[in-house]
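Chemist: Okay, so TrEMBL annotates it like this:
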- 41-63: transmembrane segment (TRANSMEM)
- 72-90: transmembrane segment (TRANSMEM)
- 103-185: domain 'EamA' (DOMAIN)
- 110-130: transmembrane segment (TRANSMEM)
- 142-160: transmembrane segment (TRANSMEM)
- 223-359: domain 'EamA' (DOMAIN)
- 224-241: transmembrane segment (TRANSMEM)
- 286-312: transmembrane segment (TRANSMEM)
- 318-337: transmembrane segment (TRANSMEM)
- 344-363: transmembrane segment (TRANSMEM)
């Protein structure tokens, strides 16, 4: 019974992480299609994060006010519906809604939330979408997998982490980071021979929508690469800022809700400065609307909840281990569905990034375990020393005559013989 329960728990965790990668794959492909069709990037971001805020809002209200709901995700829609009905009935009887007592946040907290939205969503995601439009989905996803490496480098410069070359785990982590950077450079600088996974790669073999998609946007690899590098730097900065944000505002769901709203406002403001035409902001019943809803509901709200759950269960290094799967899924799907060509340089760089990322994460996990064991040992020694000190202080306090302690060396060990006091 215990083995079956353990297997079910493991299978649920793996299935949730696979869902996260499938959501990311669909997000990259849908975004590539609508961006090639001419969708204005900042209007797409504004609508996407508005939908994400609406989807995250129930979680921010319920899961942080009532922690019991963390254990019953499958009942969450029913609970929300019952709560809405109950609140409506109470408002009919008592003519007022429930008041929520909340402390006013300081202006510095709002500033950190604003910076969080600006770096992690508006700038990072905006640059990534421009890079995605100018290159391919596979090429762009490669850069997402080196974000942990860039974050690690930033942490070393800011003295938040140590290189740890003195241990085996630290050496493997460093080598993995170097391999990742080498894979990114290989992907960017070395093109190699082009090939296709299917024989019907010519645009006229595809559906009219796919053919139109492939024909609208022409690649600009140099500009797109600079955009993707800028996106990586912004994402790495955003991860560093999370440490400070969690100190001043520890509510994760509400922070996500406020961040999505601020990102939507920021994207709207920047977008209106770039393009005020109605065509750029018009939403129609087409693939753009599907992508907006998909991005907000699945790629943001659902993904955030699944990642939060996995981090609570398995720790912070478990979820990133599945990230290379989205790269593989995107590469295969883009080649089969959109007929994009594969290049030898991208394939070699992808393999290097996957190997380097797994090496980096393995070394990071081993190093974290060693640090945890060392800190646990230090805490045990400290507690033991405190206990002994407390006992000695207690004996000194209640003893009418001084207590003598004799240390006799027997067999190479020190034996403590406590002589009791005279009555």
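Every residue gets a Cβ built from N, Cα and C, even glycine.
TrEMBL entries are annotated by machine, without manual review.
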Chemist: Look over the recorded stretches 41-63, 110-130, 142-160, 286-312, 344-363 and say which has the most C-beta pairs under 8 A to the transmembrane segment (224-241).
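Modeler: By the under-8 Å Cβ criterion, the transmembrane segment (224-241) pairs most with 110-130.
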Chemist: With a cut-off of 8 Å between Cβ atoms, can you find at least three pairs linking the transmembrane segment (344-363) to the transmembrane segment (142-160)? Only pairs 6 or more residues apart in sequence count.
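Modeler: Contact between the transmembrane segment (344-363) and the transmembrane segment (142-160): present.
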Chemist: Could you please provide the mean pLDDT value for the domain 'EamA' (223-359)?
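Modeler: Reported value for the domain 'EamA' (223-359) is a mean pLDDT of 86.
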Chemist: Compare 41-63, 110-130, 142-160, 318-337 by their Cβ pairs under 8 Å to the transmembrane segment (286-312) and return the stretch that comes out on top.
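Modeler: Maximum Cβ contact count belongs to 41-63.
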Chemist: Against which stretches of its own chain does the transmembrane segment (142-160) lie, if we need a Cβ under 8 Å and a gap of at least six residues from its ends?
Modeler: 128, 131, 173, 177, 180-181, 183-184, 187, 228-229, 231-233, 235-237, 239-240, 243, 320, 323-324, 326-327, 346, 349-350, 353-354, 356-357, 360-361, 364
Chemist: Using DSSP, what is the helix/strand/coil residue split across the domain 'EamA' (223-359)?
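Modeler: DSSP classes over the domain 'EamA' (223-359) add up to 116 helix, 2 strand, 19 coil.
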Chemist: Could you count the residues of the domain 'EamA' (103-185) that DSSP puts in helix, in strand and in coil?
Modeler: 65 helix, 0 strand, 18 coil
